[in-house]
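**Student:** Annotations per TrEMBL:
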type     : residues : note
TRANSMEM : 41-65    : transmembrane segment
TRANSMEM : 85-109   : transmembrane segment
TRANSMEM : 121-143  : transmembrane segment
TRANSMEM : 163-183  : transmembrane segment
TRANSMEM : 192-212  : transmembrane segment
DOMAIN   : 227-481  : domain 'GP-PDE'
TRANSMEM : 493-514  : transmembrane segment
Amino acid sequence: MADPPGCCAACATCLLCPYSCRWITAKKEKRKGLRTTKCDCSWFLFLFCVFLFTLVWLYFAIIILNDLHNFNEFIFKEKKLWFDWSLVLLIATAVLITYSSVLLVLALFLQLCGQPLKLHWLHKILLILTALVVAAAFTGLGIKWAEEWRSAQISLQATGPFLHIGVVGGMTLLAWPLASFFYRTRNTGLKVFLLLVYCAVMIALYLAPLGITSPCIMEENQLPPKPVLVGHRGAPMLAPENTLMSLHKAVDCDVQVFETDVMVSADGVPFLMHDEELTRTTNVQAVFPERAALNSTAFNWTDLQQLDAGSWFLERKPFRTVESLSDDDRYQATKQRIPSLEQALEAAKQSNISIMFDLRPENHSDYQNFVNATLGVILQSGIPLQQVLWLPDGFREQVKQQAPGVQQVYGRKRLQNEKEPLLHVNLPYQDMSSEEIRQYRRDNISVNLYVVNKPWLFSVLWCSGVSSVTTNACQVLKEMKHPIWLLPSSTYLMIWIVTDCVSFLTILWAFLLLKKCSRRRRPVESETDVLLTKINSLMQE
């Protein structure tokens, strides 16, 4: 097979060596008479599928980053080991996608240079391992973290228009090696099959925007107000979670609601704590090593006050933002103690922000007394009751009777036969579609979704019209004055048409240009074949 114009032997050799692991020149490879077989084509197809597989996983990995802190907490709860697994996820994904993409690029350039696609056996093994690793990752995701599939669906509302442009561009570039193969192969059936498949894929891509929907495709004057920020346990990227320092940092981020978790000590004092055990966010293992595994509610208030609730934040670095803290913030973090609900209510009252909390653990045998103790502290604190948002479902009717001014927030969607209208709902962001958010907004129901950390997700929910979001990254979302992107439908239509037209013309140009090049090569190839035949005959004589 002759090299096309512009592909020198040295370049072909440089491409051939890492792909086939044959450290010989392309000319020697050619003298051997090696050609791309059906088996080689099958391995190229497998390589292309593995590349697409790892590319999809890369997309999922980026989406997962919004919720990965929950995964870190889950691993700590199960294994008592704290580690930032986002590093492992990103590094492993980068290695897999880089390996498969480099191999694919080599194969495409080898095809353009007319070289055989002889994939080395080591690459074949590594490609199979890559496919198995990614398949295992998807399987684990489906079993242990199924809600991330819904996160991916939401992400398509943020990335759909741009993914369409990227995929169309990638498939357009694929026209060059496809056209090169089309004009080289003599197998008419294979040529027709590949051409039909490619045309079907491109037509589907050209029409894909008909099925792409996004709440951010709207006019500027239709954009709803920016959602209110709710600090998830305060500002946990800037201060130890569920501490007074975290509350004050959240206030600095313009957070209007401090979201926290309340437990009640053995002597009846409500305090702020998320985990059922104290090991993750305090030094209980050092102070009370024999009692460290006990439930948080088993400790009295005097014991709880002896615990350091801030140094772990500097030691474990649950977020990368810890490294950028000032010396003063680091010092303040080491002085944090577990705050009582009374202290938190006083701080919220002084800062003029609301406080929303869950009461844990819900399955405790003494839960009614927990409710009574919590209500007593709220009523005695002097905080305006409309600044208190009550999340627990247990004994809700009792709370309504004793503190009718407290705002009731429900962790479910409204029912068909609702006895009294819901005014506030608090749900995971995966549980509500854009259409449902808009409908609740029209019905004057406040919707708070959690936990929203990434700007792309905040932008989608902002365009959808959500009332508020619970976030770990209040310092990031505070700075957003506008969604990441907002496109009028007419502008998107123009982008769609231009993209499709440019793609079609580029594909047409690629096939016409390579057809012209192939015609120029045919006389040379014919003369070469005749010469080789004569030489072979003379050698046999």
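A Cβ is built for glycine as well, from the same backbone N, Cα and C atoms used for every other residue.
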**Student:** Which residues of the chain, 6 or more past the ends of the transmembrane segment (192-212), have a CB below 8 A from one of its CBs?
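**Tutor:** Residues 156, 160-161, 164, 167-168, 171, 174-175, 178, 181-182, 492, 496, 500, 503-504, 507.
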**Student:** What stretch in 41-65, 121-143, 163-183, 493-514 has the biggest tally of Cβ pairs under 8 Å against the transmembrane segment (85-109)?
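**Tutor:** Highest pair count goes to 41-65.
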**Student:** For the transmembrane segment (41-65), find every same-chain residue at least 6 residues outside the stretch whose CB is under 8 Å from a CB in it, and list them.
**Tutor:** 71, 86, 89-90, 93, 96-97, 100-101, 103-104, 107, 117, 119, 124, 127, 130-131, 134-135, 137-138, 141, 145, 148, 151-152, 155, 454
**Student:** Find the average pLDDT over the domain 'GP-PDE' (227-481) in the predicted model and report it.
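**Tutor:** Computed over the domain 'GP-PDE' (227-481), the mean pLDDT is 96 on the 0 to 100 scale.
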